[in-house]
Every structure is written in structure tokens, then in C-alpha cells.
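J.: I'd like to ask you about the structure that follows.
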Amino acid sequence: MTCRTSGTFHGQRDAATLPLLPFRPSIALSTYNDYFLLRRRMLPARSGAPTSAVKAVFREPYTVRVEDQRSMRGNMAVFKCLIPSSVQEYVSVVSWEKDTVSIIPENRFFITYHGGLYISDVQKEDALSTYRCITKHKYSGETRQSNGARLSVTDPAESIPTILDSFYSQEVWAGHTVELPCTASGYPIPAIRWLKDGRPLPADNRWTNSITGLTISDLRTEDSGTYICEVTNTFGSAEATGTVTVIDPLHVTLTPKKLKTGIGSTVILSCTLMGSPEFTIHWYRNTELVLPDEAVSIRGLSNETLLITSAQKSHSGAYQCFATRKAQTAQDFAIIVLEGPPSIRAMRNITAVAGRDTLINCRVIGYPYYSIKWYKDALLLPDNHRQVVFENGTLKLTDVQKGMDEGEYLCSVLIQPQLSISQSVHVAVKVPPLIQPFEFPPASIGQLLYIPCVVSSGDMPIRITWRKDGQVIISGSGVTIESKEFMSSLQISSVSLKHNGNYTCIASNAAATVSRERQLIVRVPPRFVVQPNNQDGIYGKAGVLNCSVDGYPPPKVMWKHAKGSGNPQQYHPVPLTGRIQLLPNSSLLIRHVLEEDIGYYLCQASNGVGTDISKSMFLTVKIPAMITSHPNTTIAIKGHAKELNCTARGERPIIIRWEKGDTVIDPDRVMRYAIATKDNGDEVVSTLKLKPADRGDSVFFSCHAINSYGEDRGLIQLTVQEPPDPPELEIREVKARSMNLRWTQRFDGNSIITGFDIEYKNKSDSWDFKQSTRNISPTINQANIVDLHPASVYSIRMYSFNKIGRSEPSKELTISTEEAAPDGPPMDVTLQPVTSQSIQVTWKAPKKELQNGVIRGYQIGYRENSPGSNGQYSIVEMKATGDSEVYTLDNLKKFAQYGVVVQAFNRAGTGPSSSEINATTLEDVPSQPPENVRALSITSDVAVISWSEPPRSTLNGILKGYRVIFWSLYIDGEWGEMQNITTTREQVELRGMEKFTNYSVQVLAYTQAGDGVRSSVLYIQTKEDVPGPPAGIKAVPSSASSVVVSWLPPTKPNGVIRKYTIFCSSPGSGQPAPSEYETSPEQLFYRIAHLNRGQQYLLWVAAVTSAGRGNSSEKVTIEPAGKAPAKIISFGGTVTTPWMKDVRLPCNSVGDPAPAVKWTKDSEDSAIPVSMDGHRLIHTNGTLLLRAVKAEDSGYYTCTATNTGGFDTIIVNLLVQVPPDQPRLTVSKTSASSITLTWIPGDNGGSSIRGFVLQYSVDHSEEWKDVFISSSERAFKLDSLKCGTWYKVKLAAKNSVGSGRISEIIEAKTHGREPSFSKDQHLFTHINSTHARLNLQGWNNGGCPITAIGLEYRPKGTWAWQGLRANTSGEVFLTELREATWYELRMRACNSAGCGNETAQFATLDYDGSTIPPIKSAQGEGDDVKKLFTIGCPVILATLAVALLFIVRKKRKEKRLKRLRDAKSLAEMLISKNNRSFDTPVKGPPQGPRLHIDIPRVQLLIEDKEGIKQLGDDKATIPVADAEFSQAVNPQSFCTGVSLHHPALIQSTGPLIDMSDIRPGTNPVSRKNVKSAHSTRNRYSSQWTLTKCQASTPARTLTSDWRTVGSQHGVTVTESDSYSASLSQDTDKGRNSMVSTESASSTYEELARAYEHAKLEEQLQHAKFEITECFISDSSSDQMTTGTNENADSMTSMSTPSEPGICRFTASPPKPQDADRGKNVAVPIPHRANKSDYCNLPLYAKSEAFFRKADGREPCPMVPPREASIRNLARTYHTQARHLTLDPASKPLGLPHPGAPAAASTSTLPQRTLAMPAPPAGTAPPAPGPTPAEPPAAPSTAPPAPSTESLRTGGPHTKVGGSRDSLLEMSTSGVGRSQKQGAGAYSKSYTLV
């Protein structure tokens, strides 16, 4: 290796040479590795250094060879050159030879990239040649020739494919070309298909599929993958698989390239790599591996970042990023220079050489500096053209002169302004020696030689030496050196050959060393090193005639030849041709020795020195055994004798051997052959006789001649001709009146086919009555036979001819002609409209004689006959089921006329259609709303709505009229009652609208079928009007001369309030007109001054809008006072707000002195002061600020203002609106493409529901789709769904607050199932010897269209399946089947619901059309049986286990179903006892308190709704008398309702807003009534309703918790023991996908058990139950809330059931009479239970919290579980009551006279023994209630009522329970609450253990 470097001192390029001396093979690898490591470490030291790679390859002896191959005629043959693996990397194939002639790749010969030889379309003559490969060594250039290989060619024989050459997994560079070889043999010739990653190859011109395989050029990374070469023919398949990985070369970029920075800085080197992944990165600094330490770290996923923190001087250097991946390497370099304060590195004195260039470096260390300057003798450089100063401080002196350039030089560096540093260097100039030229004269051996070497100039002293060929010459051996001061001479006394060489004179002084070199050439005459000798040559082999000479100059050798074996007469130069060549050592090479080469050869050498030399020798040629004559091809006739002759010559003795193919012929063993041999001069003739020739003799015969010098072979191709084999006949197609035949001629008898004959007949006839088609051209291989009879059976056979004769008849085939299409239409076609989009079609089959086969099905064509339709028929198809058919056409246009025709079809085709019949679909609702909807406000309460008719095409029927829906939108976001008006005109006038109010208006059209689509919401505002009176007014004295008046805005402002006018008049002052004062609309109070103390004044207020002044408020009387008591000028009432908002509750007060303000919040039976924290704040003006209110902030807040003069109080009811509760979603109907959903909304959260969001997704998917639905909708149909697919659906409601909780996710499945094959259909319609036709119409689509059908079939007993894709209708053919073979078939049909499978076995017919027997098991099939047994046993065991599990579960299910049926029968029996009609709808708001009882399987929960102020009409609770009763039922009764619901629907927060206010056509609750009533929202929707009704009789007392104010006569109402039921309209049908049988069964059993318990109760002997419906879920909700919220006014202590399904029972109070509506109010009585009460309860009803008391005592004795019954619970609940007597003149409870004190109420509330509170002072203990036989007690005997304070707080009591109150827990609202709003709150909870 030589490396040229640029010298910096001598000014010349020196050569640095790294010699690699010869090494042993054993150390090759280590030498290479050591050098590679050395080069890698030295390379980073200079980033610009070139790289060199050295690879050590040692020479190893090797041979290449080629193996013989076999192939069938017409197939492919592959020869591979086998190279030893040790040299395979360096040796490649360069060419192939065929019989010593190089093969040019063309026609049928191909050479692959890998060196393989492919021969396509192999012929028999290819077996006559010998094939060799030629290789070449990559490094040595050595060529090798392989042995000769032969190809054996056989006749085609049916066989499965065999892969001859395949590829392997490999990595290839991107951009290169790769060849994937793949070829195979087999018969029939196999087809090749390529796959990449299991898919067909993409279309790309870079992919070339050739006969040798697949070639991919310009490789890309996306070409990586697994490649499969599939090779198939009709007998099987094979495949070759390999992986191609395309890799990009690694490329490394290191940034920054050069970095110069100061010490202590941070250095970041980033190494960016491109190319193949899986690389490894190493970092080097100055050839040393970088190891992380405190300052150096290597980061990144692949170590691609080098970070140096607080860099020091030692970190400077050359850094290398070195990346490796397997054999790939890549690298890049960067230089880092770290410097401190600037300084000049010390410079040494320089000695320059005169006449050359010199560089003086001024190296500045540190940073920063500004400039570098040079001075000489105080003169700034440069000062002449030979001086150059570079920016880096280097001074260059060109052509240095001794006198001018020698001296002192100064380097000055400017490091700061006005501050420099400097350093000097001395330059001395030396003059180098100069040698005068000298030359060596030509010399001969023995001459004298004298050569002088003279130095003409240079500094003394000068030393002169001599060298020869680089070695120092030492005097001696005839060589003498004489030296003087400036001269030296070389003397040779006698020149010889050893003195040849290069002589160098070297002169050196202190300046330089110079040399001059010359060559001495000594001439030497030629001489023999190896003399020629006589030798033998073998004919046809290579021979070398040895002759080697030397001399100088090198002698020239010439060979001459004299023919003949006698004395040589005349020599002639030997012509050097391709056969005869002169070797480098002067020997003569004869590649193929011939007989003409015999003779004398003369080797003559000369070089111009002395005389020529020569030497002769004699060459004798020996002849090896050679075949000189034999026929290449010959023909014999089968059955006749045939002789084959073979002539050979060569040195005797000669042996001749005959072979047939690869077998030596032995006539002694095979008597049919005879061999005879005779001499014919110098030749030997051998004859092989065949007696007679047979078909098996159509092969290659070879005669082998052998002697001592070699052997030869002659190939003779014998063709034995005979009559052909019969053709193989197959039926391609059979029709009703024709058939198509195809045949294959397997063996032509080795003679060209001249023609064919076809004969056919009826199967029942003999061949004497045949019909024939003769002399068919041999170029035709198929024919059509026509004029056949349909449905007939024929026999067919064939003959073939050649020039030898006629073949035997082919196998006789039997065929049946096909059916013909029907000739008649279906009969009696009728149409019947079913729905607005469907018509039912009925018809009968065509006449029997016109069917022409079995009717398989019908095609129904239908088209719309309305104006504008295209008139094209749409076709649907159905399978035939009998003589009468019915089909329903779906998805038709609504209210449109359709014409329908019907056609029958069989296997042959479709017959004529019936006459068209018309029908019209039914009417439907309009699908579009009216157009151009407009709204115009006329007055403050009148608006006009107009519109135009919807498009006629969307009416879907006859338009009956229009409906206008409108509702008001209030400022607080609430919606008013939804109203509607029906009209037939296109305009309507809306009257009686609220003034200055926003309205939403929608218009719809309706037909006989119902209401159509509503129009988009249109908004309109009525005009302003004069306002109503202010809603309230207060006046309080503030001083002796002033009063303050405050008021509330008008309830109906009817516009924008512009101002308020305050009127003040004094009746006794004599002033006729009142004084008027005005305030802004924002100010709601006014101080009137300058009044007279002690004088009364009348004050009133009126509001003013732009329409004028409104009505005045009430007049209040006030007089100024000197000392004003505390008064609150703010107003109490109800405040409604959305949650998470800040709310201010004002409490402005006046008084003298200034009053103190205190806020309290009612909680249970006490008032809790409002504490100030981050959530609550009380301002100085008394306003209470609640931040981010929540549902628990709802409640009653009391503000009290107090001073020394008195106090005042206001109560504010805060209602917090929350998002709506979850709706209850159910499935009502499903179809193949739709799911219809219905729902019942949950509680609206105190704000009207604005709409619903429906989400649905396919099961096992989380991709949800959203559908937005109007708030008025209670059902929705999901269309365009997948057939037979499970879907998940959930629903959420939205109100003004936001979106509510999502409903339970329900699942439903569209109609349809996976395809299945009909057992009534035949799978195969036709089978012959080579074809089978399948009937795909046997597939039943399961209600969903079939999307794909796949088939696979294989011969029985084989492994490889052949695949086939088919369309979804019609028939499919299986072709190219083997005759008389059993096949396995498997089919798979798929639709959107899934896939169905069908398997079958079938057998092709024999050649004569006969069937074959089933396959019997053979003894050789033992292995297959073992495999089957091994696979089948686990499958059978698993199947048995599954079946056993299925049976067990089925038995258990049957038991559960039996329990369900028994319980359901009981329930139905109970239902049948009810005679009440349930058709009466429930109207109006809820009618007072209700009692709710939840009964899951382990839980009983009782709670109530707080009562509404007044009980209204509830027609749904009128009891019905039992048939067993003989007396009529009193209309005044007490009914208890029972409902069942799902637990996820239970929640209890916020105020109650009735949902009926957004449903059109209902009577909603008044918004004012709803807001004024503090109601607990119980979020559920009843499914069951079980009502218990009690007749009221004067003789019995009221035994429930309800107290009803009596009539004027003081009647005491008593509860009876009869039950009735009201029917809900929503059932659980449509939810079959959700209902659990076990859940339903257990729920029925609970009801039945409750019924049995009721039968045990004496007072309930005549109980009447009604079970109407139930909702049960098999999945529990995760949204149940647990625990108790103490701040909530509603009962939230809900328990999470352990199992799904909850039954809720609702109890209603007695219905008051219309005449006493203002008096008869249901009042709840708070109570608590003591321990003795619990002892009467059954075990399952006892509270767990009660039995966890701290005292550890057992409160109750043990009771057997069977004795515990609902009777105990009923006695506890019903028997402990007291009388209630009301004064007829008294007002309703809790409503005292405004002027009377609270304690003056005459209402009397007795205590109950069940409640057990501590009685207040002064009250007597309650007396026990009377028995039913006792008369009612007198009013005077009632105990006195508690005080008002006691009513407000509820009285002291003992609290029982844990996280939630225990049994019979009192309500969270006290009786005092009842006084404030007129009704009481009440709740209890029972736990079923």
C-alpha cells in the first residue's frame, strides 16, 4: 500500500509505503483484523485523511463441478455450478460451454445472476451434449473449468410439481437488482404465481417475471417482505419461500464539523444517521473510545448525542461518530478546539533550504485575539512578492534566498485594543548540494566500468555515498569506491550479470540530501533452463512441450515443426492459434492433440547477445477409443426387428459396451437383445439387434468404446412408432340440445396424428345405430355436437389415427342433456298493499307441462308507474317453496303506484313474465315539513303564522291539514306549556299569547297516517304592553320623618320596565292628589322623607313601560316612628338557579339602631346557622352569597334582622337546577336494517329538557356515532344498520344546565343470521369424469345478502387445497378434475351477520360414465388413522364436555322457566281478578305525597315525595270492588300504588319539574305551583303499578301514617285492606335481548311470596293484587349512589342492590273531595320507632345498623325465619295510630290567619306510639287507638297540639342508624316545613336482609 502525503519542509511529495509481506493462511484473519483496528484508530487523527480497506484472501486449491440432470421433454432443466463454500465468495461463474462451445444466452438457454444454466422446453437432442461451467477467481484472476455433465430426457409423465431452483432469505442494498430464481418441473407443465406478504405482486415495471424467476430492479425499502413462489398443476402444488430485506447504506453526519470555543463551555455533538435500522454508535476521541464520566455523557436512544459540560483543555481533539450494522460501517468527524487566554506557542529557530518554500507558523493559543502580523527588521511583512501572510498567522517564504531571507522575524498578536503580544524566530538559510548528471554506458560481461559523481555546489561539508537497488554499496567483490571533498567514483573491474541494477549517488549536507539514480544494464546470451525431450500425446487431450530459457535481454523463443516420423527434412514455424499457444515460460501448449501433430519440434531462442540456441524433440500421438460412426436418430416399428450399428477406432484393444438409458445391456439376461462385433480394418463395428422393438425402446441407446487411452460414447435416439393411444375425452359443456367436447391426445405413437373420429348413440341403443363425425382435423381438440334432445342420456367415444393405424376406442362417456327454460308464466298474480312501503305479491306456479324442469325460484320485477319515474324494472329473486308463493316487496316509495311482473326460472333459465299488475302503497306521514314558514307579531297577545304546502312528492298520502305547535321561552331559560292548533288553511292566528314573550313555533302537515316532520323552530316575540302590578310591596319606618318602601317587579312585566312610580297620600291631610316619586327600573326601594310623625300614609307603586303605566300594587299603610324596629325590605320566596353558578340572596334591612342580620338554613328538624367559608359569604348589607351552588344547596334559607326594637324574618326557597337524570331506554322493534327505540325521560333536573343525544355502535367496538333528537320525541328509528348485527345504544338528555347522565347501555340485534345451505337443495347439479357443476342457489342468506362465497376442493387423501371464488348467485364449474376420483369440497358463504360453512364429498365418473365405489381404508393408511385419532380424541372429549355442560344448563334453565311459569301463572291469576278499566289516562300533576318501596331481592326501601299543596283529581286511583265483596266500596278511599324499576334510574337531587310541560296535548303542572313546592325528585319511571285501596268507613280509624283533615262533621277516616292496580302502557316486549330469565323468575317469585304473606294477614284476607308489567335488567348499574347527604332536603340514602332488578311500590294518600279541596290536605306525621317496634318485624326487614349498637345487647328475641312475615311489618305499620279530630271552622293545617299568631292555630296533631319522641312539656301521653268496633272518639278527647316552635323543629327524638337512617326514619323536613308550604315531607327506609 502506498500513501502520498504533502510535505511541508522539502516541498516535494514523498511516498509513504506500507508493505504487506506474504503471510500464511492461518494468520490471514488476524492480520486483517489487526490492520483494520489500527486503521480505524488512526483515521480520526486527521479528518481529511483518505481511507483504505484491506481484505486478506489466501489462495486455496479448489475444483468446481456440475452434476448430471434429468428432465421431461418440454419441461425445464437447471444446471448449477457447484463451488466449494470456502471460496464461494470470491469465485463466480463467467460462462457455460456446450460441447466446448460457449453458450450465448438466447432462445432456450438462459444464465441467471447466480450462475445457473436454464434450458427451457427441453428436447431429446439436448441429451446429446455435454455441459460445463467456467469460473473465475475475483482476486487471483484464475479460471477453472468444471467436469462435463449430461442431461437425461424422458417422455412426459403425469406428476406433481417439483421445484428445481429456489431462492433464500437475503439482504440487498437499495437501488440494486435482485433475482429470485424459481422454476419447477412436472406434467402438465406447472403454472407459477408470485405472492408478496400473502398478496399478489403489485403492478410495477420494476418487477420482471421471467422464465428464470422474479427480477426486481431499483430496489426500494418498501420491497422488503416475504416472497412466495407458488407452483401448481392439476396434480398438486409446491412453493418456495424466502425473505428479502432491502437495506439503505448507512450515512453519518456529525455536526458541527469544527467547533472553536472557550474552556468551561458546553459542547454538544449530534450524530445523524440515515439508512438501515438496528445500528450501533460508538464515539472516539483521538482514536480512543469515549467513556462517559462526570463531564462527558452520551445520550439518545441510539447514543447519537455527545454532551460535554464544563469542557476543559483536555477535551480538545478529533471526535469520531462510528456507526456499525453487521458488515456495514459509516463514520464522520468533527474537530473541537478549546482555548484559554490568548498566548503565542513557543517557536523554534528554523533552517530553510535555499530555492525552496518555507512556512513559519505563529500558533496562537487561547481566545479571543484580533490580528496576527509579521515583522522583519521592524518592517511589516510582506514587503516583496515572495512573502505571503495567511489569516491563521502562517508566514510563507517562496524560493528562499540566503542573503535576503536569513535573519530575525517577529510575530505580533493584537489581543486587546492597544495591547499586543509578540515572539521572534530566527531563520537560517542553507544551500543544498547539486549533483552533476552522469550516465552508465552499455556494458557486456567482463568489461571495465568507471562512473564519477561530482557535486558542483552546496554548503560544506558534503558527504557522498552510493547505493544499488536501495542497498548501501560496500567496496569489495570487484567494486571499488573512491571519495574526495566534492566527488566520488564507482569502479567495477569485471562486469557480470550480477551487476545489473539501479545505482544511486547520494550527497548530503546540513541543508538537504539529494540523489541521482541511473540504471546499469549487462547483456547476457541465451541458455536452456529446461531442454525439450521426446514425449507422447493423447488424441483429443491437451499436451505441453516443455522448453525454458533465460538471458538478458530476455530471449525470444520460436517453435518449429517437421511432419513425419523419419528424419526431419525441413522445419516450419508452428502457427500459434487458439488450439496451440505459447506459454509464459516458453513451453508449447496444444489444447487438443490431433494426429497431424505427430513429428519433430524445434525450440529456438535468441536475444541479440551471442549466438542463437536450439533443441529438437519428437511427439508421438496415441489414439484413444473413438466412435467414428453411429446414427443419431432412427425409427423402428413396434413388433418388428431393428439393428443399431456403431463404428469405433483407436489403439487396440478396443472394447464396445451398449447401454439403454443408464442401464448396461446384457444379452444373456435380456433375450430380446443380441450384440455382434467384427473388425473392419482399423475400425471395429458393433451391432445391437432388437427382436422385436417395443414401446419401451423409444429411449436413448449408447455405445461406449474403451481402450487404454480413453473412451467415447455415441448416443442413438431410437423412436418406436405404433398406432396412437386413444384420446382422453371430456365433456366441456352440456346444454339442452347440444354439448361441447374436448379431448387430449396423450401418446401419438411417435407418429403425427392424422385425424379423429367421434361416435355417439343413445345409451339404450347398441353401437350399430351410432352416429359419427369422421376425419376431424388433427389441429382441432374440441367439437360441438348439436341437434340433441333435452333431458336425454347419450354415450360417446372417439378414435385417433396416425400413419401406422387407428387407435383403440376411448373410454365411453355418458352424458345427460340439460333442462330448458320454462315456456309459461306464473299464474294468478295478485297484489296487496301491506304498509306505506311494502306490497305483498302472491301467485301460482306455471302450468306443469310448461315448466321444462323443476322450478327453482322466481324473479319479481317491479317499477314505479308514477309520473317522472324511469320505467325500469327492479328485480328481486326468491326460491320456490311450492305451488303457491308469497313475497313482500319492501323499501318502496310511500303512497306510490307500482307495476309488478313475475317470472319463473329453473336450472336452465328464466321463462316468460306474467302480465303487469298495478297496486298503490298505503299512506304514510309527510316526510318533509311545510315550506316558507313565517311568523308575524300583530299585537302583544296575537301573532299570525303562515306557510306553504310541502312538496307533493313528500306528502306520502292525501293531505288532511296542518298542526301548529308553539310554546313560550322564558327569560330564565324555562319552557312554557306546549300548545298546538290544527287547521286546514295555510295560515293561523294565535291568540291569547303572553305579552312581550319569546315563542318557539313549529308547523307540520299530517295525513290519514299521522303527523309529519316538524319544520325548523321559528322564533317570534309578542309586542309590548302596559305592565302588571308589582308582585309585592313593603313599607317600613326608617326614622321619625321618613319611611322606606320596597317592591317586587311585576310578575308579568309585558315589556321592558322603563321606570317605577311611587305614590304617597295622607288620607287625613286633606290633600286630594297623592305625591308621586320616580325611580330607575333597577332600583326596587325608595326612601320618602319629610313626613309627619304620627300621621298615617298610604303608599303604592306602579311600573311603566314604553306602552304606558301599568296597574298599581296593593296599598300599604305606614306611619313614621321615632324608634324604628328592625324590618327587612327584601322579599322572600323561591329562587331558581342552575348549579355551579354564584347566587345572591338579598336581605336588606332598616331600623334604628341598625339591625343585625343572621342567616340560617333548615336541616331536618332544626335550623343551622349559615357559616361563612369559601363557599358561603354574607355581605355587610345582609346579602348571602353562595358560590358555585350544588344540588345540596337547595333548601329553605331564613334571614333574621334584629335590633332593640324588634326583629323581622324572611324565608327564601332556593331551587338548584341540575342536568337531567338518565332516561330509561328500551327497544320496541327491530328489522334487518333498523332498530326502533323508545324511552321514558328521567327527571328533568328542574329545567325543561332541550333534546336527547342518542349514541350507538357495533358490538365489540367503541366507535360511537351520535344522533341528536328533539325533546318532544319519545321514540327513534335507527336506519341503515348492518343486517344480523348486534348494536349497543345509550341515550342522554340535555337541559339548560347541560347533558345529563347516560342511560344504561342496551344491546339489540338486527334481524338476520349467517348463511346456511338448504338441506332441500342439491349441491351438485351435474358431475362427469372431469367436471362438476355446483348449485349456489342452495345457499339461504339468512335474511342478509351474501357478500362472498369461497370454495376449496382437493382429491381425497391429498393435502393441497385448490381455491376458487364465486359470485353470490348462479352456478360454478369445477374443471380439470381427475376421472374416477373422490374429492373433498368445502364452501364458505359470508354476509354481514357472519359466515356459514358447508362440506361435501363427491366422485367424478369413470371414463365410461360409470360411478366409482367409496374409498376403503387400506393397511397402509395406519399413520393417517393415528393422526386422525390423535386429533379427534381431544375434539370429541371437548365436544362431550360442552354437550354435558349444555345439558346441565338446559336442565337448570328448564327449572327456572318452570318457576317462572308458576309465578307468572299466579300473577296472571291475580290480574284476572281485577275488573277495572285501565284506559283512563292520568292527567294533571302528582296528587300529593307518595310512599315508595324498593324491593330488589335483598333490599326494601321506602321513601316518599314531599306533598304538593293541594290534591287534585286522580281518576286513576278509583278502587274497584272485588267480586267476592257483597258491599259497595266507599268512593272515599286510600290507594297504595306499587311500581318496579331499574336501580340505575334512582337518584334524588334538586327540585321537581314535571315533564309534561314539554309534551303537546297534556295538562302540565303550573310553573308557579312547581316552583313554590319544595319537592324531592325521585328519579325513576314506573313499570309495574300495584295499588292497595282502603274503603273509608266511620267505624274504623286511620291506621296509616296519613292524616286527612275531616269534613265539617269531623269524620275520622280509616284505612281498609283492599288492593287494586293501575296499568302502565310500557311493557318489556322488545327487550328480549336484555331480560334475564333468572331475574324475571325471581321477580315473579317475590311478587308471589308477597301475595302469600298478604294472605296470612287477617286484615288483608280480601286483598286484591294487580300485576301489570315489569322492567328487569340482567346488568346492574354502576351509577347507583349510596350514603346519606345531610345537607340535602331530599332523601338520598339509597342502597346499591347486590343483584339487578328493583321493585318500587308507591303509596298515594286518600283522594279529597272536590267540595273540600281547600280543606282536606294530607299531612304526614313524623315518627320514630323504638327497639320494641323492631322486634315485631320479620328477620329480613330488620336494619343491619340497628343490630350494630354499641351496648351489645340483643334487642329482640330470636324468631324462626319461617315465622317472620309481612304480617309483623303490617302490624307495626298499621296498628299503632291515634285519632285525628279537626275543627270544622279551622283553616287548613299550617295556614294560620295573617293577623293571628302562629300559636293560635286550632289544628290538633296527636302523637303516635310508633314515633316515640319525647313529648313536649304540658302535653299528655297519647292514648291507644280504639278497636274497629268502637265508635269514633269525640274531638274533646284528643290530646293537645304541640306549640308552633315544636312543630317547626319537629320535637326532640332519638336517632337510630348509621350512614343512613334506620327503619321508619323520619323525613329530612320537619312539620314546620309543612306549615310554610302547606304540605309535609315524609320518608322511611326499610332494608330487606
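Positions of Cβ are set from backbone N, Cα and C atoms, glycine also.
Here the structure is a predicted model, which means the values were calculated and not measured.
What TrEMBL records for this protein is below:
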- 1568-1577: compositional bias 'Basic residues' (COMPBIAS)
- 1609-1625: compositional bias 'Polar residues' (COMPBIAS)
- 1788-1800: compositional bias 'Low complexity' (COMPBIAS)
- 1813-1842: compositional bias 'Pro residues' (COMPBIAS)
- 1865-1877: compositional bias 'Polar residues' (COMPBIAS)
- 61-152: domain 'Ig-like' (DOMAIN)
- 161-245: domain 'Ig-like' (DOMAIN)
- 249-331: domain 'Ig-like' (DOMAIN)
- 342-422: domain 'Ig-like' (DOMAIN)
- 432-521: domain 'Ig-like' (DOMAIN)
- 526-620: domain 'Ig-like' (DOMAIN)
- 624-721: domain 'Ig-like' (DOMAIN)
- 723-820: domain 'Fibronectin type-III' (DOMAIN)
- 929-1025: domain 'Fibronectin type-III' (DOMAIN)
- 1029-1124: domain 'Fibronectin type-III' (DOMAIN)
- 1219-1313: domain 'Fibronectin type-III' (DOMAIN)
- 1314-1414: domain 'Fibronectin type-III' (DOMAIN)
- 1552-1577: region 'Disordered' (REGION)
- 1609-1639: region 'Disordered' (REGION)
- 1676-1698: region 'Disordered' (REGION)
- 1783-1889: region 'Disordered' (REGION)
- 1428-1448: transmembrane segment (TRANSMEM)
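Let's see these features in context: how buried, what's close, how far.
T.: A mean pLDDT of 89 is what the model gives for the domain 'Ig-like' (61-152).
Note on the domain 'Ig-like' (161-245): DSSP counts are 3 helix, 53 strand, 29 coil.
Residue counts of the domain 'Fibronectin type-III' (1219-1313) by helix, strand and coil are 0 helix, 48 strand, 47 coil (DSSP-based).
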J.: Using a Cβ cut-off of under 8 Å, list the residues of the same chain at least 6 residues beyond the transmembrane segment (1428-1448) that approach it.
T.: none
J.: Could you tell me how many residues in the domain 'Fibronectin type-III' (1029-1124) are helical, how many are strand and how many are coil under DSSP?
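T.: Each residue of the domain 'Fibronectin type-III' (1029-1124) counted once, the result is 0 helix, 49 strand, 47 coil.
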J.: Between the stretches 342-422, 723-820, 1029-1124, which wins on the count of C-beta pairs under 8 angstroms to the domain 'Fibronectin type-III' (1314-1414)?
T.: 723-820
J.: Please identify the stretch among 61-152, 161-245, 342-422, 1219-1313 with the greatest number of Cβ pairs below 8 Å relative to the domain 'Ig-like' (624-721).
T.: 61-152
J.: Looking only at the domain 'Ig-like' (624-721), how are its residues distributed among DSSP helix, strand and coil?
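T.: Going by DSSP assignments, the domain 'Ig-like' (624-721) contains 3 helix, 61 strand, 34 coil.
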